[in-house]
Each structure stands twice: as structure tokens, then as C-alpha cells.
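Novice: I am attaching a structure below and will ask some questions about it afterwards.
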Amino acid sequence: MKLPIYLDYSATTPVDPRVAEKMMQFLTLDGTFGNPASRSHRFGWQAEEAVDIARNQIAELVGADPREIVFTSGATESDNLAIKGAANFYQKKGKHIITSKTEHKAVLDTCRQLEREGFEVTYLAPQRNGIIDLNELEAAMRDDTILVSIMHVNNEIGVVQDIATIGEMCRARGIIYHVDATQSVGKLPIDLSQLKVDLMSFSGHKIYGPKGIGALYVRRKPRIRIEAQMHGGGHERGMRSGTLPVHQIVGMGEAYRIAKEEMETEMARLRGLRNRLWNGIKDIEEVYLNGDLEQGAPNILNVSFNYVEGESLIMALKDLAVSSGSACTSASLEPSYVLRALGMNDELAHSSIRFSLGRFTTEEEIDYTIDLVRKSIGRLRDLSPLWEMYKQGVDLNSIEWAHH
């Protein structure tokens, strides 16, 4: 077993060796390096064929028509293209958008930008377990609501939203439904031929493909229109211009092909490892599970350890690559906005750790993790005056701290 142990698969994944090998065939002179938009020679045709195969591999994993897959530079761009693209195209119908407070920043910041441009956005607060109350969602829907954006799996706590029911609710009212599926694709079954979802964002690098490539699903029947955000050349049926990066697209396609083959066995294995980890630490005093094990992705475990300072905990766990919050916000010392939206106090939110497991995680690594976490929590609490006061029965919420 090698240290440090990587348990931050929700931030990014290593590229699968099978994917890397495939990508190498599309870079150099003796490979398929052509521009897929070059229609006048073989180099271009071969590149175009490689892109078509990858588009099919992605469509097959999610039950879509390959013509509904638009390549982008990643899920952040897909979220921007979906939300801005749909809002701008349908703004004559209305200017109201609904999302949730626990979405990824790529959705929240895009909505904030649209607010600056005159749109109105309702941000729903989830229930304590992170799940959106569908009655609240229904109550928020208005005649001028044009778009709902609610993710499939939350990147910090792993809870799974009921996108099938939300899709039905939106379709019944003629509202466009966008889903950020970055954390769920290849981990949970997605069948867009059955789901009433109009727009869905995907990434390559969360599922053992390369960074810098993603896709947006844009439904054809009923046809959804979006306004392009990137112009020049009219690639991707006019929705996203720019030369297609064949090696990255092929890598993403191969990663999705592998995911389709291995998803069922892999997810059962990861669920077992995640449960093993939780069962190994849940009897520590003042430990709280964030999210919902039953309605949660199989690979994410988010836990708060009360009376332990989050940053010092991460330092104590230096043999583990884990995070508190998402990678996009982990540089700030602000507590996770997702946990605060669940109604958690700052102290508890600060002491939260996200363990996210993946393809190369082993049982041995999980057992080492359990042991290290138990020792570290014990040691840090021995040093903590707050823990001592708590053990003596002092109600810490009733204390007024003096500001110097």
C-alpha cells in the first residue's frame, strides 16, 4: 500500500491506463492527428470517425441519441451553456429560474450572472438530509418560470435527487429542466430515453477520463433550443464552436465505454467500501453523517467530527488525500456552503471531511483510513479545551466568548 492514500475521487480521478493508451493514438504524426472538420482528406475523415465513435459511446452510457451530445471543455462550460443558452433563448416566455442552494458553483455563479442581466432566480433550501422537498419546488414554479436546474448527485455530500419526478413536474408545465450529472454519470444508471430531462451536463475527469473535456446533452424530441455562448465556425451543430480536441474526446468516449461495462460491479464494490468506512468510524463520539446513506451515491461519505477543528484534522490526516468541501472552494477557510444550506452550524461544518472513493481504492486503504481517523480524532480532542468542557457537561452554546 502506497501513502498518501487518494480519497478525493470527487475532485478528480486518475486517467484509466486504458484511456491514456487510447488517447496516445490521436496525437502524433503516426497517429490520427487530423482536424475532424477537414473534409477534403483522409486525415480529417479518420479524426471525424473517431469523434463519432466517442459520441456514440457517451450516448450509449446515458441512453441518448448521439446527435444530442455536444462536446464542451468540461462540466463548468456545459452548465454555463445550458443555463445561459436556454435562458437567453426562452427569455421572451419568462425570466424566472429555479435552482437549489447546494448546486455546484458552476450553476450558482451562472445564475448569479443571469440575475445581473435581469433574470429572477429562486434558490431552494434542501431538507436536513440534502434532498429537495418537491412540494417546495412545485410551490416555487410560476407562469414565467422557464428553467429549473437541479443536480443529480451532490459533489460534497453525495445525496441523489429525484430527477425523474422533477422532470415530470417540469415537463407538465412546459419548463425546461437542466441536470448537472457530473458526479453521477457512470456511477448511477441514467436513461435519457426515459427521463424527462432536457439538458444534462457531463465531465470526463470525474470518471477516469482526461481533464478539459465534457459534454452537454441537448434533447431533440421535444426539441430544446439554446443560444450559443462560443462563436466561430459553427461546430457542434452551431451550439459550441471550436476545433474538436480529438484525443480528449476519444479519451472521454473510452472512459464512458469502460464505465458502462464495469458500473454495476464497481458500484457494488464501492458501496461496500464506503459502508465499511462508515461502520469503522460511526461509533466515535459526536460524529455526524452529512447527507443520506440510503439516498446517497455509493462512493461519497461526508462526516463531521464535533469539537475538532477542520484544518487541523486535515493536517493530522496528511497521509490521506481528503477534502473539506469541494475542490473549487477548498482554498477558502469559509465553511462549506452546502453544509450550511443544510442548516448546520459553522463549527460542525468546519469539522467536516469528505471521503470519496474510486476505482483504485482498496480494502486495505479503507482499514488504514479507519485506524488513522480514530487515532487522530482522539489525539486532537485530547488537546482541545472545548472537548474537555463538553465532557464536563458545559453547554458550549450558552457561553459568551469575549472578543479581544
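Heads up, the Cβ atoms here are built off N, Cα and C, so glycines get one too.
Heads up, here are the entries from Swiss-Prot:
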type: BINDING; residues: Ala75, Thr76, Asn155, Gln183, Ser203, Gly204, His205, Thr243; note: pyridoxal 5'-phosphate binding site
type: MOD_RES; residues: Lys206; note: N6-(pyridoxal phosphate)lysine
type: ACT_SITE; residues: Cys328; note: active site, cysteine persulfide intermediate
type: BINDING; residues: Cys328; note: [2Fe-2S] cluster binding site
Novice: Using only the Cα atoms of Ala75, Thr76, Asn155, Gln183, Ser203, Gly204, His205, Thr243, which the record gives as binding pyridoxal 5'-phosphate, return the largest interatomic distance in Å, rounded to a whole number.
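Specialist: Largest Cα to Cα distance for the pyridoxal 5'-phosphate-binding set is 30 Å.
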Novice: Sequence gap of 6 or more, Cβ distance under 8 Å: name the residues on the same chain that satisfy this around Thr243 (pyridoxal 5'-phosphate binding site), in order along the sequence.
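Specialist: Residues satisfying the criterion: Asn35, Ala37, Gly233, His235.
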Novice: Sequence gap of 6 or more, C-beta under 8 Å: which same-chain residues meet both conditions with respect to His205 (pyridoxal 5'-phosphate binding site)?
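Specialist: Residues satisfying the criterion: Thr12, Thr13, Val15, Gly74, Lys211, Gly212, Ile213.
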Novice: In whole Å, note down how far the CA of Lys206 (N6-(pyridoxal phosphate)lysine) lies from the CA of Asn155 (pyridoxal 5'-phosphate binding site).
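Specialist: Cα-Cα, rounded: 10 Å.
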Novice: Could you round the CA separation between Ala75 (pyridoxal 5'-phosphate binding site) and Lys206 (N6-(pyridoxal phosphate)lysine) to a whole angstrom and send it over?
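Specialist: Between the alpha carbons of Ala75 (pyridoxal 5'-phosphate binding site) and Lys206 (N6-(pyridoxal phosphate)lysine) there are 10 Å.
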Novice: Could you round the CA separation between the residue listed as 'N6-(pyridoxal phosphate)lysine' and Gln183 (pyridoxal 5'-phosphate binding site) to a whole angstrom and send it over?
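Specialist: With the alpha carbons as reference points, the distance is 7 Å.
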